[in-house]
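Student: I'd like to ask you about the structure that follows.
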Amino acid sequence: MEGSSNSNSRGFNTSGVSDRNTEFLPVERLTTRSKPSSHVDEYVRSLFGSTSTHKSGEDDSLGIDPFVRSLEWGDVSLRQWLDKPERSVDVFECLHVFRQIVEIVNAAHSQGIVVHNVRPSCFVMSSFNHVSFIESASCSDSGSDSLEDGPISQKEIGSSRREEAVSKAIAIEEKGVYNKLLERKIEKLEEEKTQPFPMKHILAMETSWYTSPEEDFGSSSTCASDVYRLGVLLFELFCPVPSREEKSRTMSSLRHRVLPPQILLKCPKEASFCLWLLHPEPTCRPSMSDLLQSEFITEPRDNLEEREAAIELRDRIEEQESLLEFLLLIQQRKQESAYRLQDTVSLLSSDIEQVVKRQLILKKRGSSLSDFSKDDHQYTSGQPLMSFQANEEPSAFLASRKRVRQGILALENGVEVDEESQGSTLLESSRLMRNFKKLESVYFLTRRRQMKAAASGKSLTRHSPLSSENGRGSMIVSEKSSVSNPVAPKAFFNNDSRQGGWIDPFLEGLCRYLSFSQLRVKADLKQGDLLNSSNLVCALAFDREGELFATAGVNKKIKIFECNSIVNDNRDIHYPVVELAGRSKLSSLCWNSYIKSQIASSNFDGVVQIWDVARSQLVTEMKEHKKRVWSIDISSADPTLLASGSDDGTVKLWSINQGVSIGTIKTKANVCCVQFPSDSGRSLAFGSADHKVYYYDLRNPKIPLCTMIGHSKTVSYVKFVDSSTLVSSSTDNTLKLWDLSMSASGINESPLHSFTGHTNLKNFVGLSVSDGYIATGSETNEVFVYHKAFPMPVMSYMFNNTDSMSGLEVDDASQFISSICWRGQSSTLVAANSNGNIKILEMMT
C-alpha cells in the first residue's frame, strides 16, 4: 500500500472540488453508507484525483450521490470549532468527530490514495456534529507543494478534473447562496480581530503542526503520514488551549511527543492512543485497519449506542413527565373551577333560602288580604307558595311561577283562568331566557358588590344601579295608570323585610326590566311641511308638567305642541300652539323647570337664546361662544343658572337674569353635551370629543372632580340617572353607566354597565332618562329602551318612513333617530328621526 502511494498520492486540492477559501463554499461529503462497492471505488478515486476515468453516466450521478452534500447555512469549520474559547471536552462528542474523519481517511486508503490534507481547516461540522470534507485556500497551497513530487501528467489530470468539478459546482449554486456566504465572510473578517486565534495565523502554523517527521526529512507523504496527522487531530480534540501563545508551545512540544500533564491525568487512555499514532517511526504507527479494529474506536461506538439509548429513554421519561404535568395542570384548574362552582352553588342555595324566608314573611303578613287567604294552609305547613327545588329545571320553575302569578291576578279580578293561559311561561315570552346569561352576570356582579360593600361597611342600596334613588320604588306610571300594584299598600313594601341586602335592588331591577315588553305608537305628529327637505329634528323637550313639548332643528324653528291634543285628536295635520323663528339652525332645547313659559335654545352660530313662549318672543341672546353650541341645560335646583357646551372647547355658565356668562371651563376638545344633576346647581357633567366624560364641582372649576374614561369615540350625550349615577352616550355604539361615588381617585375607568344593542357610529341619536329607564336612538331608525339594571335592551321600535308621494310606509336605511325625550316620569316618550317624522310612543306590557 505504501509502495504504491507515491504515484497515487493526491492532496484534497486535486480532488473534484475547486479551490475554496476558509469560508467554505459548496462542498462534497465523503462517506461509505449505502453505496455499491464498485461505485464507491470509482467515486473515491475521482474525489482524490485518481487517474481512472469515469463514464458520463457515472459523472452525472455524482450530483445525487448519497456521499455528496452541499454546504448548509450554519456549518462551521472544524478548525474554528476546535479553537472556540468556550469549548469544553465532551469525550463522546470528540470520539464521534474523530471516528468520522478516520472513516473518511480509510475510504481513501482503501483505494491506495494518500489523503495528505488531514487537517481541521479542511473539514466542516454541521449543527448535528456531522463532519464533511471541504478544501480551503491553505489546503490548496500546501497541496500544491506536495504535487511537485508527483508526475506532471498526474498534476494535469488533477487540474482537468478540478476544472470539471468547478463548472459543475457553479452550475448548481444559487446566486443567493453566494451572496449569503459573501456576507458571512465579511462578518468573519470583522470578527477575526476579536478572536483569540486569528484564522490566518492558525492556518499558517497548521501546516507545520500536521507535517509528519518523515516529511520534514524530505520523504514523500504516505498512508502512515495520514495516521500521524490523525494523532495530531486527536490531540487537538482532547486538549483545548485557551491562548494563542500556549497553543504554539503545546503544539511544538507535541512534535517531540510531549503531552501536557492535564491530558495525561484526565484522559490517560486517549493520551496513550495519541502517542501511538504520533510514533516517529512510520512503521510503528498503526494501519487504518488496526485503528478501526481497536477498542479505542469500537468501544465508544458501543458506548455511544448505549448513551443514545439512555438519551432516548430519558427523552421518553421527560415526555411522560410533560404529559403528567399537563394533566396535573388541567386537574388543578378544574379543581379550582369546581371549588368556585361549589362556592357559587353554596351562594345560590343561601340566596334561595333567603328569598324563600322573605317570601314566607311577606305572605304571612299579607294573610289577611283576600289575595292570600286561599293559600293560608300552605304557610301553616311551613311550605312557601313557590320554592325552587335543587333538581328542578329553571324553565319548569319559571313556568310554575308564571302560572301562579297569573292565577293570583285572575282570582283577584274574578276571572276564570283556563289551562292554556296558565300554561304560558316566561320561556315562551323568550325575553328572560334569551338574556339569561346577561341576567346571570348582573346577578353575580350585584352579589360581589354587595359582599364588597358589606366588607367595607357601606350600603349597596343607596348607590346601586339596580335600585331607584334613595331606595324608592318605581315612580313611572302609564298615561292611564296601567302599571299598578295589585298586592299590597305602599307602606307594606316599606317594611323591614324588603330593606338592605342584595335582594331589593336586584329584584327591583328584574321586575322593572320585565314590566314592559314593547313600544306602541300612541300618535303620529303630522305636520304641513312634511315635504320640506330640511326637517331634521335636532332637539325635543317636554315642559315641567309634560303638557307641552317643543321641537327644533335645521329648519330654524321652535315648534311647541300640546301633547294630549295630538294623542286624542285624530287630525290630518297637527299645528303647533306656538312657533318661534330663529336665524340659524337649532341644536338644543331646554325648558325652565321654574318658569313654565320659558325655554332656552342654542344654534349653529354659537348663540344661546332665552324665549318667552307665552308671549312668543325672544327675551335674551347670549353670544360669547365663538363656534357652534351643541348643548344647553338649565339647572332644576337653580333655575337662573344655564350651562352651554360648544365646539370652541368651552363650557360657559350663564345667569339667565343677567344675560351674561358668570364662569367658563376651558377644555382641549369640542364639548358636545352638558347636564346638571336634578338636585344640585353646584355640579355639572359634560361629554367631550376626546372620548371622556368630565364631572365638575362648580365651586372649583379649575380641575374636574372626576374624569370618566371608557368610550373609544366622541361622547355625544350625558344624562343623570340619579344624583350619583350618570349615563353617557358615544358614537362607539355604546351607552355607559357610571357611579360617581366610586370616583374617589378622580379617575373612573370602570363603568357599571356598557349598554349595547343599538347602532351609533357617526350621528347624534338622542338620549333621555326617566326613573331608571334609558331611551336612545339608533342609526337603524329604531328607538331602544334600556333599564339601568341590565346591559341589554328592554324593547325597541322601528320607525317606518312614509313616502311623500304615495303615502305608503317604506324602509330607508339612510334614516336615523335624531332626538328622543321622555314625558316626565311616565311610560310615554316622543321620538323624531332625520326625516322629520315624530311619534309619541308608550311602553306596554
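Using the three backbone atoms N, Cα and C, a Cβ is placed for every residue, glycine included.
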Student: Which range is it, out of 1-33, 364-396, that shows up in Swiss-Prot as region 'Disordered'?
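Tutor: Of the candidate stretches, Swiss-Prot labels 1-33 as region 'Disordered'.
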Student: By Cβ distance under 8 Å, which residues at least 6 away from the ends of the repeat 'WD 5' (710-748) in the same chain are close to it?
Tutor: 462-463, 465, 468-469, 670, 672-680, 685-689, 691-693, 695, 704, 754-756, 758-769, 772, 774, 776, 786, 788
Student: Note the mean pLDDT of the repeat 'WD 6' (757-796), expressed as a whole number.
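Tutor: Mean per-residue confidence for the repeat 'WD 6' (757-796): 93 out of 100.
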Student: Give the residue counts of the repeat 'WD 6' (757-796) per reduced DSSP state, in the order helix, strand, coil.
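Tutor: Counting residues per DSSP class in the repeat 'WD 6' (757-796), I get 0 helix, 19 strand, 21 coil.
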Student: According to DSSP, how is the motif 'DWD box' (685-699) divided among helix, strand and coil residues?
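Tutor: Residue counts in helix, strand and coil order: 0 helix, 10 strand, 5 coil.
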